[in-house]
Amino acid sequence: MENFPTEYFLNTTVRLLEYIRYRDSNYTREERIENLHYAYNKAAHHFAQPRQQQLLKVDPKRLQASLQTIVGMVVYSWAKVSKECMADLSIHYTYTLVLDDSKDDPYPTMVNYFDDLQAGREQAHPWWALVNEHFPNVLRHFGPFCSLNLIRSTLDFFEGCWIEQYNFGGFPGSHDYPQFLRRMNGLGHCVGASLWPKEQFNERSLFLEITSAIAQMENWMVWVNDLMSFYKEFDDERDQISLVKNYVVSDEISLHEALEKLTQDTLHSSKQMVAVFSDKDPQVMDTIECFMHGYVTWHLCDRRYRLSEIYEKVKEEKTEDAQKFCKFYEQAANVGAVSPSEWAYPPVAQLANVRSKDVKEVQKPFLSSIELVE
């Protein structure tokens, strides 16, 4: 395995943050913790229900980690929506992360998918059964156009996860394959459409702006995620089917060339995002900018992405990119580095245990280094 290209990664990340004029001021610390706990608490109670526990069959520690990661993503990025919308989106996107980590073969339970859908029968695939049950709670926040995007993008995501189970990076020469798979499993349209709740945005009068935002967000959010995930995925055997690695196989290019391709696409998309909406409806631009800044903060602060390791490695270096990266990282940490012990309680496993014993909800938080993922 070749060495991680630290200098290149620093330069790319710094340019990205400069292009989007990164300055996350979405919340005060108190507001951030309040929203995190509200969304987490509702989502944790949802996943602690016996039906969810029985059908998902997810390791409690992994479910806890997935929930904490997703609540952070939603609260940090969807800064302009209501707390109730944050909570419902947190549940939906936690389901997607659970599916993304699943290794179960979907084929047997998808044979009659459309027949069951048309007849109004419960889906045989347990994930779809649970997601469909929760979907009305999500869609109630949005108009019909945005709702259709959420439904369609979620269906695409399921199919993308199905494809990923084959660990197939594409045939050499199949240049369309990497972006085909990334668009399918990236949830870009779901994310782009879920920024516009109907209580805040009239999707009929802002139809062109919302449509354009969904189109731009599809690539921007997945490319930024791919770029900022590159470090954690670089030498992880479980993360070898990524956009960059698929470019290497399908385009028959080097890893450096593949990373450069992703870099240029991400930077161009960032320029577009700012340029296209800077003179449009101010509320639309504000929502997009808050999302971009919060999304970056989440990546820099969430332990899943391990970017603190890059910071520790380069914080004593005197190069311009190293110093700029560290400044951005510290800026993000000042607003976004919040310990889960301050908001992610009680653990899902404890709530599930309480429910199974038919005991009333525990009032005092119980924090365990085993059950709560720091």
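Keep in mind that glycine also has a Cβ here, set from the backbone N, Cα and C atoms.
Noted in Swiss-Prot for the protein shown:
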| type | residues | note |
| --- | --- | --- |
| BINDING | Asp100, Glu164 | Mg(2+) 1 binding site |
| REGION | 100-104 | region 'Aspartate-rich domain' |
| BINDING | Asn225, Ser229, Glu233 | Mg(2+) 2 binding site |
| BINDING | Asp239, Ile241 | Mg(2+) 3 binding site |
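Structural mapping of features recorded in Swiss-Prot.
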residue: Asp100; record: Mg(2+) 1 binding site; Cβ neighbours (10 Å): 14
residue: Glu164; record: Mg(2+) 1 binding site; Cβ neighbours (10 Å): 15
residue: Asn225; record: Mg(2+) 2 binding site; Cβ neighbours (10 Å): 22
residue: Ser229; record: Mg(2+) 2 binding site; Cβ neighbours (10 Å): 20
residue: Glu233; record: Mg(2+) 2 binding site; Cβ neighbours (10 Å): 18
residue: Ile241; record: Mg(2+) 3 binding site; Cβ neighbours (10 Å): 20
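With a cut-off of 8 Å between Cβ atoms, the residues of this chain six or more beyond the region 'Aspartate-rich domain' (100-104) that come close are 62, 66, 127, 161, 164-165, 185. A separation of roughly 9 Å, to the nearest angstrom, links the Cα atoms of Glu233 (Mg(2+) 2 binding site) and Ile241 (Mg(2+) 3 binding site).
Rounded to a whole number, the distance between the Cα atoms of Ile241 (Mg(2+) 3 binding site) and Ser229 (Mg(2+) 2 binding site) is 12 Å. Across the fold, the C-alpha of Asp100 (Mg(2+) 1 binding site) and the C-alpha of Ile241 (Mg(2+) 3 binding site) stand 12 Å from each other. Under the three-state DSSP scheme, Ile241 (Mg(2+) 3 binding site) falls in the coil class. Within the region 'Aspartate-rich domain' (100-104), the DSSP-based counts of helix, strand and coil residues read 1 helix, 0 strand, 4 coil.
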